[in-house]
Amino acid sequence: MELSRVAVALGPTGQLLLFLSFQTLAAQAADTCPEVKVVGLEGSDKLSILRGCPGLPGAAGPKGEAGANGPKGERGSPGVVGKAGPAGPKGDRGEKGARGEKGEPGQLQSCATGPRTCKELLTRGHFLSGWHTIYLPDCQPLTVLCDMDTDGGGWTVFQRRSDGSVDFYRDWAAYKRGFGSQLGEFWLGNDHIHALTAQGTSELRVDLVDFEGNHQFAKYRSFQVAGEAEKYKLVLGGFLEGNAGDSLSSHRDQFFSTKDQDNDNHSGNCAEQYHGAWWYNACHSSNLNGRYLRGLHTSYANGVNWRSGRGYNYSYQVSEMKVRLT
């Protein structure tokens with residue numbers, strides 16, 4: 001109202017000047033306080049009035065009390081695994097554990113007290129035929145097939161033919177170390193046979209079964225195989241008995257021959273000619289490591305043959321050679 005009276009007192013010219021003054025002030029404050037209010041004067045004239053700028057903010061009020069906790073949110077995804085931290089300090093030593101059970105005897109103890117032959121196993125009460133561990137003179141353990149049933153038992157089997165599943169036409173190295181399977185046919189190895197028969201006097205038994213189920217055998221007073229330096233020479237005692245007859249004495253003192261080492265007395269290689277490995281002379285009366293030909297065969301003397309038994313044209317179903325310390 002006071003402003004209106006001032007404007008009337010100034011007259012039209014004063015009102016115009018007052019209006020221009022306010023316009024100038026409004027332009028200067030446009031950047032900070034741009035709001036302009038237009039008010040009416042008497043008559044049709046109007047006057048624009050600039051609203052003042054807001055004052056400075058007052059001081060902050062006291063902090064209000066904390067609101068109630070909101071509901072717990074869902075668990076977030078696992079973060080990336082961090083690096084392993086440094087090792088912690090070494091813990092205290094734990095208490096001493098309970099004493100363990102007594103273990104199996106060591107090899108040295110087993111060698112000192114273990115069996116040397118299948119016959120020794122038999123005297124210790126092992127009456128079942130099968131594979132057993134014995135210890136050679138150099139303390140080497142050897143798994144062997146023990147025949148505890150035939151002719152009083154206690155025989156160590158070193159050769160077995162039974163089904164033709166194993167190839168016996170092999171080289172010197174194979175016969176040296178042995179080959180075959182515990183489940184069927186095998187040759188124990190000339191080194192092992194030498195070690196077994198070097199312990200003392202051993203008798204030899206040869207058991208044969210034909211494909212008609214007929215059993216034959218031949219038994220010798222002594223049997224030994226020399227070492228490799230003597231080419232595994234056959235050292236054989238006299239023939240004792242047996243319905244198979246004697247077809248091994250003609251091989252006495254002969255060296256062992258294979259397809260790759262010819263040590264026989266023949267101009268050719270008996271091992272190659274008769275497809276085997278044996279103590280060939282020139283050439284053989286027996287060939288138990290020959291081809292597995294399943295009974296009668298038209299080829300000559302190249303099967304599992306025993307001349308004084310079924311002759312040179314019959315290959316036995318089963319052949320076993322075994323020794324027993326006397």
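Cβ coordinates come from backbone N, Cα and C, glycine included.
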Which cysteine out of Cys33, Cys53, Cys111 is the one Swiss-Prot pairs with Cys139 in a disulfide? Cys111
Taking Cα atoms as reference points, rank the recorded positions Ala282, Cys283, His284, Tyr300 by distance from Asn313 (N-linked glycosylation site) and give the first. Tyr300
Pairwise CA distance, Ala282 (carbohydrate binding site) versus Tyr300 (site 'Mediates specificity for sialic acids'), rounded so that it is a whole Å: 15
Let me spell it out: take the region 'A domain' (115-154), skip the flanking residues so only those 6+ beyond its ends count, and list any with a Cβ under 8 Å from a Cβ in it. 107-108, 160, 182, 186, 188, 192, 195-196, 198-199, 205, 207, 219, 320, 322, 324-325
Radius 10 Å, atoms counted are CB only; among the glycosylation sites Asn265, Asn313, which position scores highest? Asn313
I'm trying to understand the geometry here, so how far is the Cα atom of Tyr300 (site 'Mediates specificity for sialic acids') from the Cα atom of Cys283 (carbohydrate binding site), in Å to the nearest whole number? 12
